[in-house]
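S.K.: The structure is given below, and queries will be raised subsequently.
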Amino acid sequence: NEDSFSICQSQISALQMTACLYSTGAIFEENAERDNEIFQLAISDLSLNDDILQSEKITHSVKLIEPNNPFQAVQEACELMNQGILALVTSTGCAAASALQSLTDAMHIPHLFIQRNGDGAPRTVCQLNPSPDGESYTLAARPPVRISDVLLTVVSELYWQKFIVFYESDYDIRGLQTFMDQASRLGLDVSLQRVDRNVSRVFTDLFNMMRTEELNRYRDTLRRAVLLMSPRGAQVFIHQAVETNLASKDSHWVYANEEVSDADIMELIYSSLGRMTIIRQIFPLWRDTSVRCMRNNHRISSLLCDPQEGYLQSLEVSNLYLYDSVLMLANAFYRKLEDRKWHSMASLNCMRKSTKPWNGGWSMLDTIQKGRISGLTGMMDFRAEGSNSHVQFEILGTSYSETFGKDVKRLASWDSIRGLNGSLKENRIESGMQGVTLKIVTLLEEPFVMAAENILGQPNRYKGFSVDVLDALAKILGFKYDIYQVSDGKYGSAHPNGSWNGMIGELIGKRADLAISAITITPERESVVDFSKRYLDYSVGILMRKSEEKLNIFSLLAPFDLAVWACIAAAIPVVGIMIFLLRRIQAVRCQNNTGGHPAPSVSTSLQSAIWIVYGAFVQQGSDSILGSVALRIVMGSWWLFTLIVCSSYTANLAAYLTVSRMDNAVRSFQDLSKQVDLVYGTVRESAVYEYFRAKGTNPLEQDNTFAELWKVINRNNGLENSVSNPLDGIKKAKRGSYAFLWDMAVVEYAALTDDDCTLTIAGNSISTRGYGMALQHGSPYRDLFSQKILELQEKGDLDILKQKWWPKKGRCDLQSHADAQPEGRALHLHSFAGVFCILAAGLLLALLVAALETWWNSNPCRRKQPKEVTTDNSSGSLLLCASSSIIPYQGLKPCVLSRILSEKHSQGLGGISMRQHDSNNKVCGHYCSLLAASQRGIYTFPPVYF
């Protein structure tokens, strides 16, 4: 009576998508509240994220058991299998894990096991039962205990021949069996002593049982000791040893525990009397929030990534592996669905003998074992005999300085692939390095390291800022050095297998003692090598070609868009026609009011109206006389329109000319991300490339500037816009239409020494990193180099060297382009060339029109003959001048003038022209005009010929 059911449909209807449900079971101990919390958090993160699982959802059922209760663990697991699960995740002790292994092997249910260690005590090896058929379904998500391997490496590096190991009463001494066997083969004298929980009683018993001679021998034995205890137990033990005077200043103790916090480390360091070395497990990706928050396009919960909350730092190691185990299962479910290899599974009944194991269990187990993820703990896979083998430890030690006193520093690291990386030897150098010859690896990078002129048969010579700093240190400390270039031409980046290339790889491989060039201090590099104090600040700069001012003779038209100019051009004739019509209407009304006589009007043509409008637009006024209210409203509206348009044009013109004189529109990363004219990139697989990757993929980054920059930089995996080395980037930027993102010091030197002075720089000057000298991990020269570099900074020698290679005024003056000039700058002729062109065009058009008028009026047939009119006047002639003044001619009587004016005025004529002959019969006056006054107002009448 098995209820068969399918976990996920093999085919999804085109009309309706059904979400697939993956059922997962979990078993945790009751005292492990964080395990259940982290498990729920991981499930929640997957449900809200579509990168790993899209329409699929994970359902889960959690069971809590008493610590070290294998029987209850099996009962709860059977209940989960009866409900139907695809996999089981547990975080328990070794006893429960062994019982669950037998059950899951029998039922063919994949089992991800995370070993817990109670009360902070060091973890021991879980002895699981071997599977009867050789097919183990239990996978150890937490790596096997490697603390014994690290301890053996440390004591060998320290040349210890005799030491004692203290362990707590609840520590399983079987975990030291391998360590003791290997130490015996090496000829080491190792003693074991168990420490009860009542530590003070242990030391009291020692004083009661031992004589003075025996106590002295025991004190000598305590000079070299290994502590396998919980952090709290170790603190009490050290305190009691110091109080009872069993610990001496020349003692050296090694404390080993996978889980120990920074606060516990500082307590141990300050409570100890002599030298202290601490071994603990680390997860290097914690240091970079942007990296640890992105795993295979999966965004880890912001609760874990928020540095202000400190939630991640408060978790135990088992919590971290539990979170990654959920990621591993989700990855397996997705690949299983992608391959369409789902099997129908039955509800399993553990209590029934006839129950058959799940027929899809082996396929699911194989999918999980072939998977690999990168999570909170780093890389996780189960390809090494069913367990996760990726583990890394760091080795910390006490250091002394006059400024800070006793402090802790990182001496070396140990991982399962490379072993020990660093040195633990106590070879401190106090003052000088006379007689020491260092082997130095370098990489050519202007102006840090450059090839100098070499003499035939002599070693290669180098120059540059870094070389000058190295020479200053060599002069102070008295060492010599040999320099060689790195073969692959790289600074150093990590490979997926954990190895490094470039100069960092040379230091790790101990082929070089020191590396100099434009090496930036990064957390990733500092985890594998040591760095001196920074000797130069570091920031990322933008190198690009100076913008050339474009020649545009009609730049004065730029403040307005073409559509605005078109509307203004259309408004002029429209308003002119409006005024023309209103004037015509006014003339007709006036004619009606005068009894049918024509209305006296001047300049009522359409062209004159448009001319009036244009005159008002250019603020030159007109000679028009507005008689009606309608005309005044039209002209008032037009004058207001022209005032606003002219004011707006003036303001926009000033702003346009100011912006057009700016050298570059790109002055920051924000400007670069918003523009589309320049493409940009950096050197692939470099620290700058990784910097933009980390900033651009950080989900917590509020500003999307770096996300936009990273899209362009990483286009086509960096092959499209990024370059292979800095020299190619500088050449590409010099050709134009490209911005090269690189170290500010390098690009500034390139701009200063450019032959054509066509390059400029921009970027943020705020420094968050620095350039330093890289040394081997645990190098005895690090502190000495850092001290002398600080002395060079205080004396100002580094500033002098910096001025040598980055002068404020070199071949090219960058300051004039970087700073705005408050006094402004004169406008060039080409800015006003358009105005002069318009003036020249107007003058040429006027000459052409004048020539046409001359040609037209030169034809006698087209001349307009004036009409002669004689008056009944025998006593004289009258000449009315164009100046509107009345001039009597040869004794004309005033009465005759008055009669003539009255007659002409009564006829509605505004002007008269009389042909008058003198004694020589010559013409005395033509085309004269008369200003006549009437009761209706003052009008200018057209000339009338008599």
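Including glycine, each Cβ sits where the backbone N, Cα and C put it.
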S.K.: From the disulfide entries in TrEMBL, identify which of Cys8, Cys293, Cys305, Cys350 pairs with Cys78.
M.R.: Cys350
S.K.: According to the record in TrEMBL, which candidate from Cys757, Cys861, Cys881 pairs with Cys812 in a disulphide?
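M.R.: Among Cys757, Cys861, Cys881, the cysteine that TrEMBL links to Cys812 by a disulfide bond is Cys757.
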S.K.: Rounded to whole angstrom, what's the largest C-alpha distance between any two of Thr520, Arg525, Asp743, listed as binding L-glutamate?
M.R.: 17
S.K.: Find the shortest Cα-Cα separation between Cys350 (disulfide bond) and the binding-site residues Thr520, Arg525, Asp743, and name the residue that gives it.
M.R.: Arg525
S.K.: Give the mean pLDDT for the domain 'Ionotropic glutamate receptor C-terminal' (437-808) on the 0 to 100 scale.
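M.R.: Average per-residue pLDDT within the domain 'Ionotropic glutamate receptor C-terminal' (437-808): 80.
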S.K.: Please list, in sequence order, the residues in the chain of Arg525 (L-glutamate binding site) that are at least six apart in sequence and whose C-beta is under 8 Å away from its C-beta.
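M.R.: Arg525 (L-glutamate binding site) has long-range Cβ partners Gly492, Ile504, Ile519, Phe531, Ala774.
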S.K.: Nearest to Cys78 (disulfide bond) in three-dimensional space, by Cα, is which of the recorded positions Thr520, Val666, Arg693, Asp743, Cys812?
M.R.: Arg693
S.K.: Which one is closest to Thr520 (L-glutamate binding site) in space, judged by CA to CA distance, out of the recorded positions Val666, Arg693, Cys757, Cys812?
M.R.: Arg693
S.K.: In sequence order, what residues of the same chain, 6+ apart, have a Cβ less than 8 Å from the Cβ of Cys812 (disulfide bond)?
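M.R.: Result: Ala751, Leu752, Thr753, Asp754, Cys757, Leu759.
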S.K.: Whole-number Å distance between the CA of Arg693 (site 'Interaction with the cone snail toxin Con-ikot-ikot') and the CA of Asp743 (L-glutamate binding site)?
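M.R.: Taking the Cα atoms only, Arg693 (site 'Interaction with the cone snail toxin Con-ikot-ikot') lies 16 Å from Asp743 (L-glutamate binding site).
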S.K.: Report, as a single number, how many Cβ atoms besides its own are within 10 Å of the Cβ of Val666 (site 'Crucial to convey clamshell closure to channel opening').
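M.R.: For Val666 (site 'Crucial to convey clamshell closure to channel opening'), the count of other Cβ atoms within 10 Å is 22.
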S.K.: Would you count the other C-beta atoms found within 10 angstroms of the C-beta of Arg693 (site 'Interaction with the cone snail toxin Con-ikot-ikot') for me?
M.R.: 18
S.K.: Taking the Cβ of Asp743 (L-glutamate binding site) as reference, which residues of that chain separated by at least 6 in sequence fall under 8 Å from it?
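M.R.: Counting only residues 6 or more apart in sequence, the Cβ neighbours of Asp743 (L-glutamate binding site) under 8 Å are Ala518, Thr520, Tyr538, Ser539, Val540, Gly541, Val688.
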